[in-house]
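As written in TrEMBL, here are the features:
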TRANSMEM  7-24  transmembrane segment
TRANSMEM  44-64  transmembrane segment
TRANSMEM  84-105  transmembrane segment
TRANSMEM  140-158  transmembrane segment
TRANSMEM  178-204  transmembrane segment
TRANSMEM  224-245  transmembrane segment
TRANSMEM  257-277  transmembrane segment
TRANSMEM  313-331  transmembrane segment
TRANSMEM  343-368  transmembrane segment
TRANSMEM  398-421  transmembrane segment
TRANSMEM  442-461  transmembrane segment
TRANSMEM  467-490  transmembrane segment
Amino acid sequence: MKKLTPVFNISLVISAAFILWGVIAPTHLDRVTASIQQLITNQFGWFYLLAATGFLTFALILIVSPIGRIKLGADEDEPEYTYLTWFSFLFTAGMGIGLVFWGVAEPINHLHYPPTAEMIENNQRAAAIALRYSFFHWGLHPWAIYSVVALALAYFKFRKNSPGVLSATFEPLIGDRIHGMIGTSINVIVVFATIFGVATSLGFGTAQISGGLSNLFLFDNSRFLQLLIIVIITVLYMVSSQTGLNKGIRILSKTNIYLALGLMLFLLFSGPTNFIMNSFTQTIGGYIQNLIRMSFQLDTFNPESHWVEDWTIFYWAWWIAWAPFVGTFIARVSKGRTIREFIIGVIAVPTLFGALWFSVFGGTAIHLELFENVDLMGVIEKSGMEVALFAVLQEFNLGLLMSGLAILLIASFFITSADSATFVLGMQTTNGSMNPPNKVKFTWGIIQSSTAAVLLLSGGLDALQTAAIIAAFPFTFIMIFMCFSLVRALRAEKIPPRKVKPYD
């Protein structure tokens with residue numbers, strides 16, 4: 001191997017120790033991590049809310065600021081990828097596999113277990129809240145979190161020619177110390193946030209593929225089946241990772257978009273189309289109207305309720321844990337775009353697509369529950385959230401075919417996410433190499449899949465959520481200081497003049 005850094009060696013040793021812990025004492029691992037997670041959510045939930053909303057505010061300020069005219073690269077650089085390819089990269093890396101898992105499961109959970117108890121008897125209000133909070137959890141906040149990390153990385157990499165590692169974004173604050181212990185510590189935290197954040201999604205994907213196969217073919221949805229799926233998918237994405245960014249990941253990203261659109265259009269026109277579009281329109285309005293209130297909502301005066309901790313705090317932690325991975329990947333494919341174009345593209349387009357996704361899948365599920373007497377919650381409580389999507393699809397003609405397509409889509413998202421993550425981990429542990437050695441990517445691919453398997457075996461989906469919350473905590477502080485460092489660098493820039501088109 002070449003271009004290895006202390007970050008690689010330190011991260012590899014600690015990762016291997018964690019996996020060994022999970023293999024030898026899975027119950028102990030589950031108990032310890034659950035205790036840490038409970039401490040963080042109980043004592044620092046407010047911190048996650050303020051941080052996530054602060055990152056959104058920061059991104060919006062940059063959009064309207066003259067700074068938005070600065071390019072991520074030299075002034076003459078042009079974007080490397082078309083908008084379609086760029087958006088497919090954003091969607092696939094950002095949350096594709098999660099949308100498929102939670103598209104039905106989250107709104108149905110909110111419908112039956114809403115934020116406040118008084119909504120339980122009011123199905124119509126609970127339904128509106130269910131979709132609104134789904135929009136909220138997958139909307140502006142997560143993409144703003146991604147945009148902050150991606151913007152800092154892209155700016156320093158392509159405009160300042162710094163190494164493509166997160167520690168390099170701190171040069172305006174700490175100078176040459178980024179090359180010492182502080183920089184190494186930052187990059188090690190980044191590696192672990194990436195491993196645990198991605199392992200969470202890979203675990204969800206594994207559980208959903210397993211649930212779909214057991215639902216279609218009456219397999220036993222066992223731990224053995226889940227481990228077999230992880231092994232098979234690992235082999236596939238390791239093969240893909242050897243082909244590089246412009247082959248494997250690029251092709252898979254476009255394939256994912258087409259499969260996702262096909263599945264969504266099928267349900268949009270086979271399902272209650274008018275209800276779906278009404279839900280989309282009404283919920284977008286409700287989301288915008290209630291955005292500030294939801295952004296600061298806690299269970300302060302109802303300590304018995306853990307709804308915000310179980311949902312909003314988990315999501316904000318999950319997105320922050322994903323931010324090093326997604327941010328690095330988005331930065332890598334965004335050279336040549338202006339800051340304004342970059343932030344609007346990263347935040348607005350995926351937010352609208354996510355809202356439409358939840359309207360189609362979540363709206364259809366709610367319609368089945370409220371107006372067609374289909375007990376989807378009963379299916380979820382019996383077989384798990386991983387079968388929710390398949391329970392909805394099987395209510396329609398061609399449901400079995402669409403369920404097969406859904407399994408293919410989840411597997412493709414799984415491969416793409418894992419492939420992208422191995423690329424990012426390779427970059428972060430080889431001092432920002434734009435084309436990490438295949439042996440390095442192979443090593444991180446094995447570590448990633450092993451971590452997902454260990455978490456699934458030690459505590460199932462709860463363990464996956466716990467890992468994301470723990471990994472996100474230290475990285476949140478890194479993101480906050482990253483914002484200050486980026487502002488210091490941007491203030492030293494000469495702002496390009498506004499482009500004025502002459503009249504004909």
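A Cβ is built for glycine as well, from the same backbone N, Cα and C atoms used for every other residue.
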Do at least three CB pairs under 8 A connect the transmembrane segment (178-204) and the transmembrane segment (442-461), leaving out pairs fewer than 6 apart in sequence? yes
Verify whether three or more Cβ pairs under 8 angstroms connect the transmembrane segment (7-24) with the transmembrane segment (398-421), leaving out any pair fewer than 6 apart in sequence. no
Beyond a gap of at least 6 residues from its ends, the CB atoms lying under 8 Å from the transmembrane segment (44-64) belong to 140-141, 144-145, 147-148, 151, 295-298, 308-309, 312-313, 316-317, 319-320, 339-340, 343-344, 347, 472-473, 476, 479-480, 483
Would the transmembrane segment (7-24) count as touching the transmembrane segment (343-368), i.e. at least 3 C-beta pairs under 8 angstroms with sequence separation of 6+? no
Does the structure show the transmembrane segment (313-331) and the transmembrane segment (7-24) touching, where I'm treating 3 or more Cβ pairs under 8 angstroms (sequence separation 6 or more) as a contact? no
Sequence-remote contacts (6 or more beyond its ends) of the transmembrane segment (257-277), Cβ cut-off under 8 Å? 87-88, 91-92, 96, 99-100, 356-357, 359-361, 363-364, 367, 371, 392-393, 396-398, 402, 405-406, 408-409, 412
Maximum Cβ pairs under 8 Å to the transmembrane segment (178-204) among 84-105, 140-158, 467-490 is reached by 467-490
